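Before any comments, here is the structure.
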């Protein structure tokens, strides 16, 4: 089946709306990453944040890719460390009226869409996502309008405005089943924005998919040739790969899965060494889940090559103790979603959740994908 592609570069300033300005370029994002603090400064800030969370009756929900201190704080204060949709579902179901989302902007938007009555704050509103930036709402709407015969399926890593144009939102755990379901009905699909995940699903299902060519800055930089060389140096290591990675990397994986599933694999498999092809923020949780095991970052640069992210998202790195404390003190950086857009966007999210409930599946964002190797059989959803 031929795959058609729509391309938009995520770093072109002229492609960005006013709402998407700020740290849209990678260099700008890295420049906004707060400085490293001493242990004494970190301890003081953590104590202050714990006090402020109680005073505000707020709960902290954090992604696996943010700073380890923020992940620990979320768990220590009764919050959540997880994938983006689970973060939003946790926030929706929690009694707190204020949600502090440590992650990137689309995660805050999804939390607000699912909890419109709650206040959603983020440490830095400029913390965005290359997949989100690479799929501007106006361009995407025009693309959809040009192909009215196709069912629009979008990945969770998109803006509220893009979700508002979609028939389905998917995570990778349920994405395969949803695309199989649509394919069985004879539906032709318009997929956005991640080309690697879309290509993987297309090959698994044989569906007719018209694809937008977006990519995650972090995962797109993993190198297949260098990964093969690294594996030769560590022949007993198992390779854990996030499905937003290039095909040459996915093809070498022992386990393909989401952040949660990769953590589960690291904990459950008997191997003592793992090569990990996803954001290195996940290594904090992996080491906690599998103490004593060794985790090696998959290569992001080869001969004469450089990396922009070097296995860590610059926008995730913008979340820090300093701006988290400031947001709790000031109440600034509130996420707002136009109510009309929110009402439209929630339709595709609820459609996925209803489908998942019927399938009795556990749904998580950022690519909960069944592994492509027998090594992972018997390991349940994380």
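Cβ atoms are placed via backbone N, Cα and C, with glycine included.
Of the residues 25, 216, Swiss-Prot places 216 in the same [4Fe-4S] cluster site as 129, 313. Binding of iminosuccinate is attributed by Swiss-Prot to 63, 155, 156, 157, 172, 242, 243, 244, 259, and within the candidate set 84, 268, 270 the record adds 84 to that site. The binding-site residues listed here (155, 157, 242) include 157 as those with a Cα within 10 A of the Cα of residue 129 ([4Fe-4S] cluster binding site).
In sequence order, 104, 130, 131, 157, 217, 218, 219, 279, 309, 315, 316 are the same-chain residues whose CB sits within 8 A of the CB centroid of 129, 216, 313, the residues recorded for [4Fe-4S] cluster being left out. Residue 63 (iminosuccinate binding site) and residue 313 ([4Fe-4S] cluster binding site) are 12 Å apart (CA-CA, integer value). Calculated from their C-alpha atoms, the gap between residue 244 (iminosuccinate binding site) and residue 216 ([4Fe-4S] cluster binding site) amounts to 7 Å.
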